[in-house]
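A short worksheet on the structure shown next.
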Amino acid sequence: MVALCLTAAVTSLHPPHCSAADESCVGATPLQMAVLLFSFGLMIVGAGGVRPCNFAFGADQFNPKTDSGKAGVDSFFNWYYFTVSLAQIISVTLVVYVQSSISWSIGFGIPAVFMLLASVLFFAGSDMYVKVKPEGSPFTSLLKVAVVAVKNRRLKPPYPELCNYTPMASMNSTLSRTDQYRFLDKAAVVTKEEEVNFDGSPAKTWRLCSVQQVEEAKCVLRILPILLTVIVYTIGVNPQYMVFQALQSDRRLPFTDFQIPAATFSIFAMLSLTLWIPIYDRVIMPQMRRIRRGQGLNALHRIGFGILITVIESLVAGAVEGHRKASATPMSAMWFVPQLLLGGVAEAFYAIGLIEFFYKEFPENMRSLAGASYFVGNALGNYSYSLLITVVHRLTKNSSGGEWLPEDLNKGRLDYFYYFLAGLCSMNFLYFYLCEKSYRYKATSGIIDSAKLDHTFTP
């Protein structure tokens with residue numbers, strides 16, 4: 001953020017000001033562009049380290065052995081997302097206002113100061129944190145299971161003996177053997193006595209895996225179908241065309257002459273998300289625990305509710321767009337608020353539920369990978385949305401009914417596109433329902449021991 005702030009504050013690091021009336025403008029020099037891209041690169045690297053790990057690190061601070069600790073983890077995910085949404089609201093309102101109306105350098109300097117403050121506060125509390133000791137790359141263990149299972153593919157049950165070794169120092173909970181994905185069990189079959197050491201561990205890890213390793217690989221395989229729902233969910237809640245709709249509508253606040261910028265309408269979804277989370281955490285969850293004898297809604301239920309709400313959101317968006325096109329005068333942009341509010345509630349259910357589900361179902365040494373998986377799914381969803389727009393353009397460009405998504409939305413059929421998204425989200429809900437019905441939760445015969453946690457600060 002400091003480097004980005006310098007590109008705006010230092011005259012030599014950005015091109016001269018160019019107004020819309022100027023016929024020719026001076027572009028950025030290679031040095032100026034290099035500094036800008038370098039600052040973006042640092043932000044990407046920093047976000048890549050923080051986003052996948054911060055919610056897992058925060059949840060690790062609760063004791064999973066106690067009822068209060070389990071309830072604390074559930075509330076933590078809600079309040080984690082609440083603070084993120086609140087920060088986004090501040091950034092798209094106050095910070096954007098400072099950048100566009102006062103100074104770009106001050107606008108970039110504000111988040112830089114807050115990042116510095118956050119870093120100081122984070123390291124100041126380092127002595128109080130519970131830190132789970134790293135155990136190397138989880139990908140290596142997954143690859144070993146796949147390789148050994150392929151090598152032993154010709155083995156037929158019943159198997160003579162399985163390697164049941166579990167390292168004492170492992171941070172992962174001991175997993176009970178399951179009969180799902182049984183082809184992976186071949187990776188743990190002991191075919192020769194010399195393959196096992198005296199303590200029961202595999203002598204050669206690329207020739208024999210333990211049942212624990214196999215079950216950890218099964219956990220990942222069971223999660224992957226649920227992860228795929230992120231792609232269609234992201235497509236369904238993408239607000240891109242809502243901005244163009246707002247540009248062709250009356251954006252004044254009711255009973256005032258204040259005009260809301262079209263790009264700022266997304267704040268209604270953030271407000272909905274921010275307001276819904278405390279209501280859900282403090283009102284709905286306690287009531288559900290009483291009704292369901294302490295259980296409440298589990299993560300998969302919340303994910304399902306979130307996907308279902310995206311269907312309703314798309315249907316509402318299609319109806320509003322049909323009303324906008326039929327209006328003789330510019331429609332009030334306040335008609336877009338209901339679909340945005342639904343989008344915020346959908347995210348509160350889906351995103352928080354998915355993060356909680358990943359945290360609980362991934363093996364303990366893969367929890368940061370769980371966070372990264374969610375953001376990778378979001379990225380794939382955005383790329384898929386762009387591809388979908390391209391396909392719709394090409395398929396409807398010369399159709400008898402006219403192009404759905406032209407530059408002038410008044411000449412298109414954006415409402416059809418929203419109804420198509422509703423159908424796509426409905427298929428996503430059906431797919432998720434089938435996955436949820438067949439899903440088997442991680443079966444543990446033990447939980448992480450406090451002796452495996454590091455309470456000392458390691459810079």
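From the backbone N, Cα and C atoms, a Cβ is placed for every residue, glycine too.
Summarising the annotation, TrEMBL assigns signal peptide to 1-20.
Beyond its flanks by at least six residues, the transmembrane segment (31-57) meets 1, 3-4, 6-7, 12-15, 76-77, 80, 129, 355, 359, 367-372, 375 of its own chain at Cβ-Cβ distances under 8 Å. The transmembrane segment feature in TrEMBL is assigned to 31-57 (among others).
What TrEMBL records for 78-98 (among others) is transmembrane segment.
Beyond the ends of the transmembrane segment (104-124), by six or more residues, the same chain brings 1-2, 4-5, 7-9, 91, 95-96, 98 to within a C-beta distance below 8 angstroms of the stretch. What TrEMBL records for 104-124 (among others) is transmembrane segment.
If you look up TrEMBL, you'll see 219-238 (among others) marked as transmembrane segment. Below 8 angstroms of C-beta separation, residues 142, 175, 180-181, 184, 300, 303, 306-307, 310-311, 313-314, 343, 346-347, 350, 354, 357-358, 361-363, 366, 373-374, 377-378, 380-382, 384-385, 388, 421, 424-425, 427-428, 431-432, 435-436, 439-440, 442 of the same chain, each at least six residues beyond the ends of the transmembrane segment (219-238), sit close to that stretch.
Annotation source TrEMBL lists transmembrane segment at 258-279 (among others).
Sequence-distant contacts of the transmembrane segment (299-320) (same chain, at least 6 residues past either end, Cβ-Cβ under 8 Å): 226, 229, 233, 236-237, 242, 335-336, 338-339, 342-343, 345-354, 356-357, 360, 415-416, 418-419, 421-422, 425-426, 428-429, 432-433, 436, 439. Marked as transmembrane segment by TrEMBL: 299-320 (among others).
Residues or ranges marked as transmembrane segment by TrEMBL: 340-359 (among others).
The transmembrane segment annotation in TrEMBL covers 371-396 (among others).
Summarising the annotation, TrEMBL assigns transmembrane segment to 416-434 (among others). Sequence-distant contacts of the transmembrane segment (416-434) (same chain, at least 6 residues past either end, Cβ-Cβ under 8 Å): 226, 228-229, 232-233, 235-236, 241, 303-304, 307-308, 310-311, 314-315, 317-318, 321, 392, 401, 404-405.
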Can you tell me which parts of the same chain pack against the transmembrane segment (78-98), counting only residues 6+ beyond its ends and a CB-CB cutoff under 8 A?
54-55, 58, 106-107, 110-111, 264, 266-267, 270-271, 273-274, 277-278, 280-281, 348, 351-352, 355
